[in-house]
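J.: Below you'll find the structure I mean.
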């Protein structure tokens, strides 16, 4: 049975990757269908109720700069906002928001329902229709076929999902949802390498049974940050506190005593878990010298008593979970309302993807999110936006696009995955980026919004606001460079008290701002130097561009040298055995990875600079050198 309409792009799955993929394709004018097994759970925060953080907040800002929904929804749902690393340099500062699950889901669903060119249909997908190595549609659980030349799979943890609590396990996509068994079996038939990964979640606690007076209160920031470049503090709901407590030796003894019934330590779980978000039993085992681990007590919303104890993800049996929770200060009488669990699921080797997130072997088939081996809402959403965008570009007959490593954390994420692959759930950190001084949260719009506009992702309202901000920054930078003060100027009397050493020669306002003791706000408050910019985001941009100009210029010079390799494409079907002079190890690795550019090839472990030189000579001789898209 065939559905009566044909679609340009079909997105399978309605989590963070799927919603951004569907919205991106629809914004670009493609007739888009979002298929989900349950419309009510679109935009669901399946694990921790938070968005952003180190590296992750940078991705959220980039999604926002490209017109995505995550940051906007967070501003409407965030019940506590904090800027992490606020005392450090701008490259590593990151925004994190505690979110109300219900408000976040509602806002995402509202955005989806009001997006032009987007249809939503409730049905699980069981099969792909593939003809001559090209996907042409999908078949749902009830045998209904939908036709489309571009399919984006964002299946999360649902592919052959198996939930573990102690030594008991059962099939599930997440607690309360069925797994996607038929689709997983179909995907295993494709010529793409498959593996198993694991993630987990902590037990949820009834707030009415917690003694918060025994814990340290953690308040949000004041003034309140916003997540979206289009956001406003007035969008935020009521703000509340989180709390901090710790495990202790008794907690650790309880956990050690339950390890014989842990699915992780009894060999029941095959999949590898996230290194940077380990279960509490893994922490106790790996860091046996530590007598205590920090736990963040995070409310799940304004109208629920459920608490998310961040730091005690576990798949131990329920009785052990209850005992370990009650051993923690402030939770001696706590009641669990939902048990913690681990979930195993299929993922596919991202080295089998192009950097557009299209599979190398099946034309028109795109993967995004946990199916590619990543962990985290933000990583999934960023991939979803990119996959949905490239699916739309393909349907329109246009070249695919992915930012380079020096242009966005999204570029770092995709390059790491498609070049190096992953054996464990991949999460983003600022340390993964070589050029992080240029890849800051504050300049994500300056880096990406113009490209988003060119691609059709950015609407008129966002573009007008961005253009106005950009113009104000440029005009203010010009003013600071053009205006000067000299030692005999009348302005000196107001200025000198704010300087560590009085000026002895003529100096521009820009040079004054570059002094370590001076900041933009202080300079603008001195008589004769203001009034300056009213927009705090534009003012911040002026200050960073002035104070870090030397470092930024040096990093840009490094990038300019590296870009040549990034833009030199490699034929995907090149057999590296035909390249004389390459070692057997290099041949094997290049044939396995099938890099798309010389830059990607150079980052594969074991591929030496000498091998790259040999490869370039071979390609040039045979006229195979080309610029990548």
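Using N, Cα and C of the backbone, Cβ positions are placed for all residues, glycine too.
I grabbed these lines from Swiss-Prot:
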| type | residues | note |
| --- | --- | --- |
| BINDING | 13, 14, 15, 16, 17, 18 | FAD binding site |
| BINDING | 273-287 | NAD(+) binding site |
J.: C-alpha of residue 281 (NAD(+) binding site) to C-alpha of residue 17 (FAD binding site): distance in Å?
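T.: So the alpha carbons of residue 281 (NAD(+) binding site) and residue 17 (FAD binding site) sit roughly 29 Å from each other.
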J.: By a simple count of other Cβ atoms within 10 Å, which of 13, 14, 15, 18, 273, the binding-site residues in the record, is least packed?
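T.: Among the binding-site residues 13, 14, 15, 18, 273, the lowest count of other Cβ atoms within 10 Å belongs to 273.
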J.: With an 8 Å cut-off on Cβ-Cβ distance and a minimum sequence separation of at least 6, pull the same-chain contacts of residue 279 (NAD(+) binding site), or say none.
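T.: Looking at Cβ-Cβ distances below 8 Å from residue 279 (NAD(+) binding site), excluding near sequence neighbours, one finds 200, 264, 273, 313, 314, 315, 342.
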J.: List the Cα distance (Å, whole number) between residue 283 (NAD(+) binding site) and residue 16 (FAD binding site).
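T.: Answer for this pair: 28 Å between alpha carbons.
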J.: With the cut-off set at 10 Å between Cβ atoms, which of these binding-site residues ends up with the most neighbours? Options: 17, 277.
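T.: Answer by Cβ density within 10 Å: 17.
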J.: Same-chain residues six or more away whose CB lies under 8 A from the CB of residue 275 (NAD(+) binding site)?
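T.: The answer is 424, 425.
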J.: Of 16, 283, 285, which of the binding-site residues has the most Cβ neighbours inside 10 Å?
T.: 16
J.: By the DSSP assignment reduced to helix, strand and coil, which category contains residue 285 (NAD(+) binding site)?
T.: helix
J.: Can you tell which of 281, 287 has the least company, meaning the fewest other C-beta atoms within 10 angstroms of its C-beta, among these binding-site residues?
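T.: Among the binding-site residues 281, 287, the sparsest Cβ neighbourhood within 10 Å belongs to 287.
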J.: If one measures from the C-alpha of residue 287 (NAD(+) binding site) to the C-alpha of residue 16 (FAD binding site), what distance in angstrom results, rounded to a whole number?
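T.: About 32 Å separates the two Cα atoms.
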